[in-house]
Amino acid sequence: MNISSDIPLLNPFTPMAFLTPEQAYQKTITDYIVVGGLSVLIWDILTHLPSDYKLVTQHRINVPTITYLISRWSTLLYAITGTVYHTAPIGDCDTLTKVTCAVYHVTVSSTALLFFFRVRAIFNRNVYITAGFFVLWVIVLGGSLSTVLSISGVHIGNTKYCAYTNFRSYRSGVANITLAVFDTCVFVAITWSLSHSQLSIQKNGGLSSETHFDVFGRYLPAFSKALLIDGQKYYMVATIANLLVVIFDFAPGIPMAYRATSLAPAIGLTNIMACRVFRHTKMGRAGQDAHATSVSTMVFRKGNNEPTPPLFIHTQMQRGSTTTTMASVTESEFYVSSATEKDTTSFSSHSFEKAESVSGEMVSVHQMV
């Protein structure tokens, strides 16, 4: 950043006096961006502070919870250091630049680790999938280290205010690209897992022979749909934010000040969405938009020689849990309005008057990180 000028300085103690009008405008815009990002993050933390308190005091403290806290507060520290760097006369610019990059490394790796735990839980600790996503997380961990070597800090003129210099887009882009790839893999894995699970239930229950694979979760149960939609929200925000950062890194003609500052809002938005998904899953609020629902389904099958006992399926969905009961009914009395004579006739009712001699298997599904 050029700071030389032959024009006498009216106020040599302000950094704007050492910048060209264009550079001064860019610095003003970047200052607004980092301050606005810090304000949004503080607002989000204060809004969900009661939930964080319950998370620590009313739930078991485990590795995912510790990771959540590290991700949450390291992101706040990253936003604070970035804001101080842009707005305060700190003196040692290069040291604070390295500190900010180190905090960025902790923030990115811990946020990505939250979704590694999410994928591991959804796939029921599948060894191969867990190992694959752990390798992806290690790649994100290594990629985020490249930011330390991608930028330096320098004083603005004779003041103690700082500005970024020697920004290397090819090194910073490594971190952003690896993070975008990781986000995409998480979204695809969660979408496939939830949709595939629903397809298996339909086949085993004999309810439908059609194949339903919908990224919007229209054929999923309420809780699984809530998990999927939460993941899609995170994916959309994270992908757009990281894509913009990559574009800013490599697109020609974009000033260095905007390139170096584009990380701040992307990191803040990504962390807000990641922590939101973790809180809702951990505290059983993933299905908060859907009230507790109880649905029972009766499937009748007509055999060639002797009748096959009907299959009774009772599904109860509450906030944060889904309980499915599958039972073979030998003697039961149901009050049914009508039934059609087909090879397979099914009906659903929210209440049954009486059911006797029910034997079967209770399957409880409770997804929790």
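Every residue, even glycine, has its Cβ placed from backbone N, Cα and C.
Curation does not apply to TrEMBL; its annotations are automatic.
Going by TrEMBL, these are the annotated features:
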DOMAIN    32-77  domain 'DUF6533'
TRANSMEM  102-119  transmembrane segment
TRANSMEM  131-154  transmembrane segment
TRANSMEM  174-194  transmembrane segment
TRANSMEM  234-251  transmembrane segment
TRANSMEM  257-278  transmembrane segment
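Within the chain, the transmembrane segment (131-154) has long-range Cβ neighbours (under 8 A, six or more residues past its boundaries) at 1, 85, 93-98, 101-102, 104-105, 108-109, 112-113, 116, 119-120, 162-169, 171-172, 174-175, 177-179, 181-182, 185-186, 189, 260, 263.
Taken as a whole, the domain 'DUF6533' (32-77) shows an average pLDDT of 93 in this prediction. Residue counts of the domain 'DUF6533' (32-77) by helix, strand and coil are 40 helix, 0 strand, 6 coil (DSSP-based).
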